[in-house]
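*Asks:* Grabbed the feature section from TrEMBL, which reads as follows:
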type	residues	note
DOMAIN	22-140	domain 'Tetrahydrofolate dehydrogenase/cyclohydrolase catalytic'
DOMAIN	159-273	domain 'Tetrahydrofolate dehydrogenase/cyclohydrolase NAD(P)-binding'
BINDING	Gly185, Ala186, Ser187, Ile210, Ile251	NADP(+) binding site
DOMAIN	297-341	domain 'Tetrahydrofolate dehydrogenase/cyclohydrolase NAD(P)-binding'
Amino acid sequence: MQKTNKRICKILGGFLTETIIIKGKETADLIKDRIRLATTKLAQDPFNIQPKLAVILVGHNPASEIYVKQKVKYAAEVGVLTEIHRLDEEVDFDTLLALIKKLNADESVNGVILQLPLPLHLKPYTYKAMIAIDSKKDADCFNPKNIGLTFLDRANIVPCTSHGVLQLLDQYNVEVQGKHVVIVGASNIVGKPLALELINRNATVSVCNIHTKNIRNITKSADILVVAIGHAKFFDHSYVNEDCVVIDVGINQLFNKSYNPELKAEVEMFGLEKVAREFAATNKLTLEEATDKVSNSIKEQFTVGDVDFHDLLGKCAMVSKVPGGVGLLTVANLLHNTLILTLLQKKLDFTDFGLERRYIRDNRDLSHK
Ligand SMILES: Nc1nc(=O)c2c([nH]1)NC[C@@H]1CN(c3ccc(C(=O)N[C@@H](CCC(=O)O)C(=O)O)cc3)C=[N+]21
């Protein structure tokens, strides 16, 4: 972000940076439109193909249930079929492996994902299970072959969440070449692949973790700070400089102190609008205020990121929202990967389906690499 672009407002004699809030919906909708265009054509003669994503869900992790629901909903919106395969919490590894093999062999299935985390007793088998998924159906792009192609910048598909971070930066015209990007959190599914993609785009990358000494010295020197540690509201303004662009990848559930089960029961019975109207009348609020209050009181838990969002407002150039930020792109990219995998499996030409040439990685000029 260039300084000249920054909007500054004067408040009570002092200057406050007006922080731009980065939202994911617009970018996710663009990706969804692109997928829908392609699936519409695929569904017709002479192709008659509908891409299908199989999701394996083991046990009843509440967060996983929410994510999977989100994936199924998005898939339906863009013309991708989904198939949920539920396994018991206590299932043994061999049964899981047999299911993965069955889905690998099933020609009607184009993408397979194994929702993480696995239950405790299966955790040590996570790697074995992930590599069992056929690299040609690996919609998450977690397989060593696919992540290796990302490393070499020759991949047709890339990991969904890290790529979403880059798409958000693109959407908000934040150039990464030559910038110091600091990533906190070095996981296999976010931090590491993001570092790879940033290196491929000529950024200067620092990757920090829990053991990093004097971490604030590093994060304060960031032009772009990406946090993915899974610790609610960890990063306040003491970690950033005022020109920093902050991308929050964290998804954490907090218990809602203003949860009101009676109100929830009323909303379930009479609907939000009616309850909010009554609430507005009894508490002398506008309908909008009452709707906000009621909606906030009927959730047992709510989602926050790794960033202390309100503390950062006015203290940095841009900050992304949670929910409503990177998470939306994770899902959109998963379906985009499913589409790409389908086209590759059927040996179809990407450009016939409205996909830009940049998705045909092999045709890019990579001779220098
Ligand atoms: N094999 C595998 N692949 C994954 O891609 C994978 C996974 N395991 N395990 C867990 C993480 C997390 N993840 C998200 C999916 C959707 C939202 C999402 O839809 N977020 C919305 C709503 C969130 C909310 O309201 O709670 C948002 O941020 O606006 C977020 C995060 C995929 N993951």
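Cβ atoms here come from the backbone N, Cα and C positions, even for glycine.
All annotation found in TrEMBL is predicted automatically rather than curated by experts.
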*Asks:* So which of the binding-site residues Ala186, Ile210, Ile251 sit close to ligand 1, that is, with a CB under 6 Å from an atom of it?
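*Replies:* The binding-site residues passing the 6 Å Cβ test are Ile251.
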*Asks:* In the domain 'Tetrahydrofolate dehydrogenase/cyclohydrolase catalytic' (22-140), how many residues does DSSP assign to helix, to strand and to coil?
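*Replies:* So the domain 'Tetrahydrofolate dehydrogenase/cyclohydrolase catalytic' (22-140) is made up of 65 helix, 20 strand, 34 coil.
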*Asks:* As a test of the contact definition, list every same-chain residue at least 6 positions from Ile210 (NADP(+) binding site) whose Cβ is closer than 8 Å to its Cβ.
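*Replies:* Ile210 (NADP(+) binding site) has long-range Cβ partners Ile229.
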*Asks:* Taking the Cβ of Ala186 (NADP(+) binding site) as the centre, how many other Cβ atoms fall within a 10 Å radius?
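*Replies:* Summing over all protein chains shown, Ala186 (NADP(+) binding site) has 17 other Cβ atoms within 10 Å.
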